Amino acid sequence: WIMGHMVNAIAQIDEFVNLGANSIETDVSFDSSANPEYTYHGIPCDCGRTCTKWEHFNEFLKGLRKATTPGDSKYHEKLVLVVFDLKTGSLYDNQASDAGKKLAKSLLQNYWNNGNNGGGAYIVLSIPNLAHYKLITGFKEALTSEGHPELMDKVGYDFSGNDDIGDVANAYKKAGVTGHVWQSDGITNCLLRGLDRVRKAVANRDSSNGYINKVYYWTVDKRQSTRDALDAGVDGIMTNYPDVIADVLNESAYKAKFRIASYDDNPWETFKN
């Protein structure tokens, strides 16, 4: 999965997919009542990027729905996964469940079209704080009470705080999550970070009793760091330059071992070769 980083304006969906992304990451900010409000990152952000592009969240979802609904004029067949980077740092811990419920209702209405031929991409809810695990339970409760528990089949999870792997496992236990787990590791492109924790996450993924299904590394903009991440065995790379990642995947060393994921590749299944 080549994951386009910080795609917060509808026009950027086309831009990143056309550069080679088959997945995008979108920031979601919340208002003081825990409603998802804008797709917005703000300052500071990655080096070399404009930090202030934004849409109203529900409007972004409508644009995203068009991009992921077969038959629509804006449809991109290769856009198969969307990571919502949920900026819950503005919320009190006790608002996490409400944020999950409100997020689910927004998605149900504006993305999934109330279960009627809505957008088809897989969705990862990426949460920066382990204490906010109830966002997951709230999300699930809302979809169930709205009569669409089947949509949870399209939803996965990530805790993005670079926490200890054991602590992350514990948070999932509390949330009742037993699958659909993506594990991120990384840092802004302005700084360097080693691959030690990535290797631990990959080892967990590949062990018989691990909780992780997929591992992704962020934010990677250079060819050598792309090669290093691929050598470590990641499933996804988040980047500001999808074309760089695509180029490296075309190198003879990687062409035989990796391919770009399509809609038929289940992002919740651990890859066994």
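Note: Cβ is positioned from N, Cα and C throughout, glycine not excepted.
For reference, Swiss-Prot has these:
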type: ACT_SITE; residues: His5; note: active site
type: BINDING; residues: Glu25, Asp27, Asp85; note: Mg(2+) binding site
type: ACT_SITE; residues: His41; note: active site, nucleophile
type: DISULFID; residues: Cys45-Cys51; note: disulfide bond
type: DISULFID; residues: Cys47-Cys190; note: disulfide bond
type: CARBOHYD; residues: Asn250; note: N-linked glycosylation site
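Neighbour counts of Cβ atoms within 10 Å were compared for the active-site residues His5, His41, and the top value is held by His5.
The sparsest Cβ neighbourhood within 10 Å, among the listed binding-site residues (Glu25, Asp27), is found at Asp27.
Its Cβ placed at the centre, Cys51 (disulfide bond) has 15 other Cβ atoms within 10 Å. Annotated pair the residue listed as 'active site, nucleophile' and Asp27 (Mg(2+) binding site), C-alpha to C-alpha distance, rounded: 6 Å. Taken residue by residue with DSSP, Cys190 (disulfide bond) is part of neither helix nor strand, so it is coil. Reported as a whole number, the C-alpha separation between Cys51 (disulfide bond) and His5 (active site) equals 11 Å. Distance noted between the C-alpha atoms of Asn250 (N-linked glycosylation site) and His5 (active site) is 21 Å.
Counting other CB atoms no more than 10 Å from each candidate's CB, the disulfide-bonded residues Cys45, Cys190 peak at Cys45.
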